[in-house]
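Structure below; questions to follow.
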Amino acid sequence: NFSTVSEFVFVGLSDAPEMRLLLFVLFLLIYLATVAGNITLLVAISTDSHLHSPMYFFLSNLSLLDLLCPTITVPKMLGALLLEHKEISFSGCLLQHFSLIAVVGTEIFLLAVMAYDRYVAVCHPLRYPSIVSLKLCARLAVGTWAAGLVNSLLHTSLVFTLSFCGPNKLQQYYCDIPPVLALSCSSTRSRELVILAVAGVLGSSACMLTVVSYIYILLEILSRNSPGIWRKAFSTCGSHLTAVCLFYGTTICTYVRPSFTYSPHRDRVVSMLYGMLTPLLNPIIYSLRNKEVKCALRRVIRRV
C-alpha cells in the first residue's frame, strides 16, 4: 500500500440541505422493504418442505445476495444523509469495495445458473431430476460464490494497490471502481485494461448464457399448441428477463467501459438501479408472482 490518503469522503449525493431528509426517508423505506422481502423469502424457502427443490435453492441464494448488496452500501449512505458523516477510512473503503464487487459478481454468475436451471426444467423435464441433482446444485452454488470472491479479489487488488496521494473526495455514495480509480495519482491505464477485459469476458458470457437459455425456453413453449401456456410463459419469462436485463445492463454500463466516459452524476443513478432497485424487485418478480411461494408464505404465517 503506497497510499498517503488515510480516508475518503463521499460527496455529491445531495448538496441541498432541504433534500437530505427527503432522500433519507425514501432510501430508508426502500432498504427496509428490500430487507423485509428477501428475509421473508428466505424464511419461506428454508421452512417449507414444498420449496426444497433446485429452483428455490438458487432463489434463496439470490435473496441472500439481494439482502447483502444494499446492506453493504445503504447504511453508510443513510448516515451521510442524516448525520453528515461522510468519511470512510482507507481500509473501510477497501473492505466495502471488496464485499460489493464479490456480491455483484456472484449475482451475475448466479442469474446465469438460474437461467440454465429453468432451461433444463422446461426443455428436458423428464431428465431434469437426473441432470440438476443435489450434488450439481451444491457445486454450482459454491462455484458462483467462489468465482465472485476471486473476481472481487482481483479487482480490489488492482485498484487499491495504486497510489493515492492527492484528492480524497469520492463522487459516489460508496467505494466503487470508477470513482476510486479517478482519485489515483499513478497511471491506471494497464489496470483499467485488465478490469475491462475480465469484466467484459465474464459479464458478457454470463449475460449471453442467460439470454440464450430464455430464448430456448420461449421456443420450446411456442412449439406447444396451448395459448394458456403461452400467456403464462410470456408473463413469467418477460418479468424474469426484465429483472435480468436491468441488472446486467446497469452493471455492464458501470464496469465495462473506458475511464474517460466516467460521469459521476450518471453513475450515481445507474448504481442505484442495480444496488437498490433490483434487490427490491427480485423478491416480487421471482416470488410473489409464484403460486408455490405464495402458498408457502400463507403456511408460514399460519404457523406463526
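Cβ atoms are placed via backbone N, Cα and C, with glycine included.
Heads up, here are the entries from TrEMBL:
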{"type": "DOMAIN", "residues": "37-286", "note": "domain 'G-protein coupled receptors family 1 profile'"}
{"type": "TRANSMEM", "residues": "20-44", "note": "transmembrane segment"}
{"type": "TRANSMEM", "residues": "56-74", "note": "transmembrane segment"}
{"type": "TRANSMEM", "residues": "94-116", "note": "transmembrane segment"}
{"type": "TRANSMEM", "residues": "136-154", "note": "transmembrane segment"}
{"type": "TRANSMEM", "residues": "193-219", "note": "transmembrane segment"}
{"type": "TRANSMEM", "residues": "240-257", "note": "transmembrane segment"}
{"type": "TRANSMEM", "residues": "269-288", "note": "transmembrane segment"}
For the transmembrane segment (136-154), which stretch among 20-44, 56-74, 193-219, 240-257 has the most Cβ pairs under 8 A?
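Of the candidates 20-44, 56-74, 193-219, 240-257, 56-74 scores highest.
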Is the number of Cβ-Cβ pairs under 8 Å between the transmembrane segment (56-74) and the transmembrane segment (269-288) three or more, considering only pairs separated by 6 or more positions?
yes
Compute the average pLDDT of the predicted model within the domain 'G-protein coupled receptors family 1 profile' (37-286).
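Within the domain 'G-protein coupled receptors family 1 profile' (37-286), the model's average pLDDT equals 85.
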